[in-house]
Amino acid sequence: MAAPKVAVVGAGVIGLSTALCIAETCPSCSVTVLSDQFSPNTTSDVAAGMLIPHTYPGTPIHVQKQWFTETFAYLFAISNSAEASEAGIHLVSGWQVFKTTPKEELPFWSDVVLGFRPMSEAELQKFPQHRFGQAFTTLKCDCPPYLLWLEKRLKASGVQMYTRKVADLWDLHSEYNIVVNCAGIGAHQLVGDEKLFPVRGQVLKVHAPWVKNFIRDGDGLTYIYPGIRRVTLGGTREKESWSLSPDPSTTKDIFDRCCSLEPSLRGAQDIKVKVGLRPSRWCVRLQREVLSQGGVKLPVVHNYGHGAGGFSVHRGTAKEAAHLVGECLAALQGSSSRAKL
């Protein structure tokens, strides 16, 4: 058969990395990315890009750990290369602090990040409101440069990218053999997924180059994540809120909370406010499906619903989605060879 055509819908970190994995593992395919928004206008552009996993209750822990391990190894290799600066990837050390000792003192990802250990009494003196803490080194993606780096890699692999709003996956059946749905929160409307809901996140991006260590409150609501050029201060988790408008009182609340953890932030300059809608569900939807109308079939692979943890597992889920595309290809080639018999 002619080179199979694969469309990837969505151009956030999940869509771009999935397209790249498909191009790498299925070189016989022609891959196209379709999205109504590209960087700098995606939800991924707002994300802090810290590799600290969020737990998906509906996904087995060993699967989540594999996704995270693969993503960490992939980004660690980039951080050790000449492309680290262009890709916006760097190592950052810091602390996760808790007001009460958590049930799990060793999270499932503790042996994947570097140098994970309990904080010393001396370190905890920096955080008088907190009683327990963990120190470790992890990776951070500065999201806009990383998305542009992925786009550059895709172009070099021959992947086409077009600005196009896809309202119905079936609309693509006459042009493509396989469709991959990485639409993020857009999947709520695109495939009518009622299990998918937005969790609104408002963050501040500030100029505070003296802040070198990350600090994350164990509840995940307050965090300080230093990037290469700006520090991300957060945040909020507002379920079922679709508003993309910054809220000034929330901005003040975030700033005050972060300053209570790191008082030197009072001197931060050039505060920019960003809002994104995390595509959240009980578990990441990563599966094959076959749509059919009037005897015509369209294989679809879904890869969305990563919530607040997309950057931490993006490469691992992209590899799994590419594997599912490979299964779809094998089924297509099997049916076309049977048709010739």
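Using the three backbone atoms N, Cα and C, a Cβ is placed for every residue, glycine included.
According to TrEMBL, the protein has these features:
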BINDING   Thr43, Ser44, Val166  FAD binding site
BINDING   Tyr223, Arg278  D-dopa binding site
DOMAIN    5-324  domain 'FAD dependent oxidoreductase'
SIGNAL    1-19  signal peptide
Nonlocal neighbours by CB distance (under 8 Å) for Ser44 (FAD binding site), same chain, sequence gap 6 or more: Gly12, Val13, Ile14, Cys143, Leu147, Gly276, Gly310, Phe311
Neighbour tally for Arg278 (D-dopa binding site), based on other Cβ positions within 10 Å of its Cβ: 24
Proximal but sequence-remote residues of the same chain as Val166 (FAD binding site) (Cβ under 8 Å, at least 6 apart): Val9, Leu34, Asp36, Leu172, Ala183, Leu190
Thr43 (FAD binding site) versus Tyr223 (D-dopa binding site) - Cα distance in angstrom: 18
For the domain 'FAD dependent oxidoreductase' (5-324), mean pLDDT (0 to 100): 96
Cβ neighbours of Thr43 (FAD binding site) where a neighbour is any other Cβ within 10 Å: 24
Spatial separation of Arg278 (D-dopa binding site) from Thr43 (FAD binding site) - C-alpha basis, Å: 7
